[in-house]
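Visitor: Dropping a structure here in structure tokens format, bear with me for questions.
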Amino acid sequence: MESKEEDVNLGANKFSERQPIGTAAQSQDKDYTEPPPEPLFVASELTSWSFYRAGIAEFIATFLFLYVSILTVMGVNKSDSKCSTVGIQGIAWAFGGMIFALVYCTAGISGGHINPAVTFGLFLARKLSLTRALYYMVMQCLGAICGAGVVKGFGKTLYQTKGGGANVVAHGYTKGDGLGAEIVGTFVLVYTVFSATDAKRSARDSHVPILAPLPIGFAVFLVHLATIPITGTGINPARSLGAAIIYNKDHAWDDHWIFWVGPFIGAALAALYHVVVIRAIPFKSK
């Protein structure tokens with residue numbers, strides 16, 4: 001009995017029940033050191049298979065993202081009554097759910113961007129080189145075009161008459177409204193990406209990188225719920241470009257600039273907020 005009591009006391013002293021919370025927990029960096037910023041150009045990347053493999057992963061992921069999400073949009077739009085379909089909530093789940101699944105699948109290969117705005121934000125934070133950022137954006141756009149093209153191949157007439165999943169500013173809203181919705185929506189997404197993939201949090205909490213795809217996908221879902229009635233929700237220039245090229249109607253191109261300018265501004269603001277305010281990197285002593 002005495003030996004058992006000693007074991008219990010030893011365990012109680014070794015593992016404290018009171019774990020630090022709040023700022024006390026944040027101070028436990030576990031010897032974390034800030035990684036140096038990525039250089040603008042890395043020549044060795046161009047001769048590395050991992051570089052091209054990452055781009056292929058971005059292409060396939062964006063292809064699948066457009067295929068499932070636009071096909072869901074077509075399924076809703078072809079019905080006379082939204083009540084007989086998955087409706088706006090289903091569309092939002094299709095976009096958010098696919099991002100969750102695809103980020104989980106590709107995070108270890110390319111980082112799971114699947115969005116030029118995410119790539120742009122991470123580039124501004126110096127998380128990847130300019131070479132890789134441009135390569136990712138090209139592959140994402142090509143994947144989106146192919147994904148939308150396959151959906152059109154299932155039913156050209158339906159695709160052309162039901163909007164093709166192209167992003168446009170809805171009637172009753174101004175171009176400024178659409179631009180604002182895209183800026184704020186992309187800010188939410190990219191801010192979530194930064195927070196979910198923060199290397200310092202990963203060093204402190206081992207579960208953070210495992211759970212990263214979940215908040216990212218959930219952010220996409222929530223933003224779609226809010227802004228589908230305004231712009232159809234872009235927050236991803238590749239998604240907007242792919243649908244616009246395959247749909248190819250004049251009114252889809254009239255507002256198309258909004259779905260590049262808005263996401264890029266939102267991503268830049270999210271990168272600035274994360275680096276300057278959340279992490280305060282410019283103010284840390286060298």
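Using the three backbone atoms N, Cα and C, a Cβ is placed for every residue, glycine included.
Curation does not apply to TrEMBL; its annotations are automatic.
Feature list, courtesy of TrEMBL:
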- 1-35: region 'Disordered' (REGION)
- 51-70: transmembrane segment (TRANSMEM)
- 91-114: transmembrane segment (TRANSMEM)
- 134-154: transmembrane segment (TRANSMEM)
- 210-230: transmembrane segment (TRANSMEM)
- 257-281: transmembrane segment (TRANSMEM)
Visitor: Thinking of Cβ pairs under 8 Å, which stretch from 51-70, 91-114, 210-230, 257-281 has the most of them with the transmembrane segment (134-154)?
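Guide: Comparing 51-70, 91-114, 210-230, 257-281 against the transmembrane segment (134-154), the winner is 51-70.
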Visitor: List, by number or range, the same-chain residues at least 6 past the transmembrane segment (210-230) whose CB is under 8 A from its CB atoms?
Guide: 88-89, 91-93, 95-101, 103-104, 107, 112, 169-170, 173, 177-178, 181-182, 185, 188-189, 192-193, 195-197
